[in-house]
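Engineer: Below are the structure tokens for one structure; questions will follow.
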Amino acid sequence: MLPVYHRRGGGGGGGGADQSSLSPGAPPSNGTPGYHNGFSHGYNNGYVQSGFDEITLDSGSDSRYGAGRYTSASAAAASASDASSYGNGHGYHSSSSAPDAFAGSGSGSGSGYGYGSAGGARSYGVSKASSASMFDALLGRLKLKKRVAHLTRVYDKSGAIGVFNQSSSSQRRRLLVLLLICFAVVALLALSTGSGSSSSSSSSSSSSSSDDGDAIHIKNGRIKAEPVKAEPEPPPPPPAQEEPAVKPAEEPAEELDDEQQMQAHLERERLAEEKRINDEMERLLNLKQEHDQRKQQYLDQINANARIQAAAQLEYQKLKQAGLRLTPEERARQERERQAALANKKKAAADRAAKIETHRTAVTQAFVHAWTGYETHAWGHDEIRPVTNATNDSWNGWGVTMIDGLDTAMLMGLESVVLKARKHIAALHFTDDKSVSFFETTIRYVGGLLSAYELSMDGIYLLKAVELANRLMPALETKTGLPYHEVNVKTGVSKNPEWTRGNSLLAEVGSFQLEFKYLSAHSKTPIYGDKAQAAMDAIAAQPLEVSGLYPLLIHPQTGLFSGNDISFGALADSFYEYLLKQALLFRGHPREVQHRRMYDEAVVALKQHLLFRSAATKLLYVADRRNNVAVHEMGHLSCYLPGLLALGAEGGPNPDEDLALAADLAYTCARLYLESPSGIGPETVAFDGKTSEKWQPLTLAEQATLQLQLEDERLSADRTADTDRGYSVRSANYLLRPETIESLFVLFRLTGNPVYQDWGWAIFEAIERHCRTPSAYSGLENVNSPNPKQNNSMQSFFLAETLKYLFLLFSPRDVLPLDEYVFNTEAHPLRIAPYVSG
């Protein structure tokens, strides 16, 4: 609709000089109530200017269609000849495309605008009568040539129109006279044209279309007539449907007035346009930024290439000039120097290779020495007492040292040792009426037999592995599939120790999967692998207080975790190890994706909660967690982590960060050995948690510093005071453990950095100095002493792990390559195999 912004002085019968409804932008005028009309411009503009310049009213007294158009808006305004007439086409209010019709039927007392209804169309007119209608119709057409304000409108064909600001009584009288004249003229016209709406409409249309009369202009307070310029005829109106003379009464629908509708419409249009502009600007800005970025990259590449070419050209010119200046003798001397440097480099490499080979031989000799003492004094028993040469059967009495160390003998090519061990193993039947550790029996016996089978393809080892696994299966007969701590291999009775209050240990329930799944793959019997996977599913189903961190205790019947003690060391270490190694051993199998995800989550949690750096020496260490509080102690068992992190770096979410973290942590583990007075690392150390910092990824400068430290071979055991090291020794004993050497082996294989070989050799030399006995090797009671006392114990993992990893550290890379073999937690190599399940 055509918007008419106004103040209403009276509506439909009263009101006087009410100025409460203010048009947008119309300033108030003192002393002119009712006639002071702020006229707002247009559909899209909506502004008001005080005063008036000119307004043209075209004749059209009998126009039903409305010959004139309100040129300041986007739609026409039609006038009706009397109260019963209404505008058709563009002037018909009920049409969706038409504006309001102007009519003079508004009534009311008092001065101001009247608001009335003409034939169903809304109309706006001027009211100055006391009790009767002022006009039946106001005919004409408005054409707004300039912005107008302080305006009162009166329409008449004869030119009796007054529009001005009333500021005195004489002006009011003059206006009254003009209004009376207009009333008389309109009444005569109405009588002459008849009362029928149809004929009046037709006549009005004809008169409007053919009238060439004068138009009345009001300029600077004067009224004058001038010819009306012909305008293009409007398009013919759509045919009007005849309506009954009297329309049935309809309840007025609640709707917004024109001003409110227009304001709402304009606001919607403004918001839509603003959004469109903003979207377009954002799109163009993004395109510009992308273009600028690509342009900058292109320019940077050009500049880099130019710099490289310039540097190369400069170097070439220097060499060319130098070459031109050289005499033949000087050129010959340079060539001799180059050849000498190349020869020295080759000689150094050959010397190092020879030295590494001597290291390898020395490790083999150490194994032979230990094996010979065991064979001489404890054959068939589990262990030898290396100081007293007595025997020890703490691990079932089936010869654990023999079975655990058999694959190491195979790697070293000790055929006579292997043949004698095979004969003993073939006679074993595992039927004793005794309870054995499910965990230790699996990783040492079953794992040792499977790796012996892998390296020799001798079926006797696979047969014995199946036989022993069947004896262990009753430990898995729980509601969850989680194993008990121990099982009687004859009766099948299984139980957990009293100190765990009926719970199993995390390391026990999560460290038989490699062996059992590998057994299924090679025996073609799915039951072992299915049992192993059932236990993993039970663990994965439990909610965790901290994602990636698993409590140490879990009940085998309910599957619920007990307590919130967390560790990556004792009682839990091999669980996290097997998360990754299951995914590596059966890589590509869909079921192993779960284990890789669990491992990655554990590494994230490790970084966030358990990694710290000492304040003074900046040593990285792994803490435990008890009752949600960090315990700043690090055990030797945790030194397997550098190797595990290095293995898991490839294929993980942060490979470079994890590999750098592995090297950083391995440096700490090596220093625990190399700074010790004996050259042997202690079982447990403690750091000052009050001054330690949470782990953060190393900066480039810190990585460079660490690299220098790694390459510094002057690390020694000169410092003996705990305060100089940045940690204190909590447990000073040494059990011939392999974890630090394991990590050095893995990092050397993955990085090729020879410093790991040098550290490994320094550790081996310390073992030779302090642990060797006439018959074997012994653990130590106090590594803080320059001459520690031996503890008369040689566990089977010294032959299975410690000496094996030392041997591999000094072996060529094609010996058990890490992309083809996965080592169980007892260092037994298993070749990557297809997954077999039911």
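All positions are counted from 1 along the displayed chain.
Including glycine, each Cβ sits where the backbone N, Cα and C put it.
Automated prediction, rather than curation, is the source of TrEMBL annotations.
Because the structure is a prediction, the values reported are computed rather than measured.
Not my notes, these are from TrEMBL:
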ACT_SITE  E440  active site, proton donor
ACT_SITE  D573  active site
ACT_SITE  E683  active site, proton donor
ACT_SITE  E739  active site
BINDING   T825  Ca(2+) binding site
COMPBIAS  194-210  compositional bias 'Low complexity'
COMPBIAS  223-232  compositional bias 'Basic and acidic residues'
COMPBIAS  251-260  compositional bias 'Acidic residues'
DISULFID  C639-C669  disulfide bond
REGION    1-38  region 'Disordered'
REGION    194-262  region 'Disordered'
TRANSMEM  175-194  transmembrane segment
Engineer: Tell me which residues of the chain lie with their Cβ under 8 angstroms from that of D573 (active site), as long as they are six or more apart in sequence?
Structural biologist: A507, S567, L637, S638, Y640, T825
Engineer: Check the Cα-Cα distances from C669 (disulfide bond) to the active-site residues E440, E683, E739 and tell me which is shortest.
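Structural biologist: Closest by Cα: E739.
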Engineer: Measuring CA to CA, name the entry from the active-site residues E440, E683, E739 that ends up nearest C639 (disulfide bond).
Structural biologist: E739
Engineer: Starting from the Cβ of E683 (active site, proton donor), draw a 10 Å sphere and report how many other Cβ atoms land inside it.
Structural biologist: 19
Engineer: Quick one: pull the CA-CA distance for E683 (active site, proton donor) versus E739 (active site), whole Å only.
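Structural biologist: Rounded to the nearest whole number, the Cα-Cα distance is 11 Å.
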Engineer: Rounded to an integer, what is the Cα-Cα distance in Å between E739 (active site) and E440 (active site, proton donor)?
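Structural biologist: So the Cα of E440 (active site, proton donor) lies 17 Å away from that of E739 (active site).
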Engineer: Can you tell which of E440, E739 has the most other C-beta atoms within 10 Å, given these are the active-site residues?
Structural biologist: E739
Engineer: How many other Cβ atoms sit within 10 Å of the Cβ of C669 (disulfide bond)?
Structural biologist: 29
Engineer: Using DSSP reduced to three states, classify E440 (active site, proton donor) as helix, strand or coil.
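Structural biologist: Where E440 (active site, proton donor) sits, the three-state DSSP reduction gives helix.
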Engineer: Taking the Cβ of C639 (disulfide bond) as the centre, how many other Cβ atoms fall within a 10 Å radius?
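Structural biologist: A count of 28.
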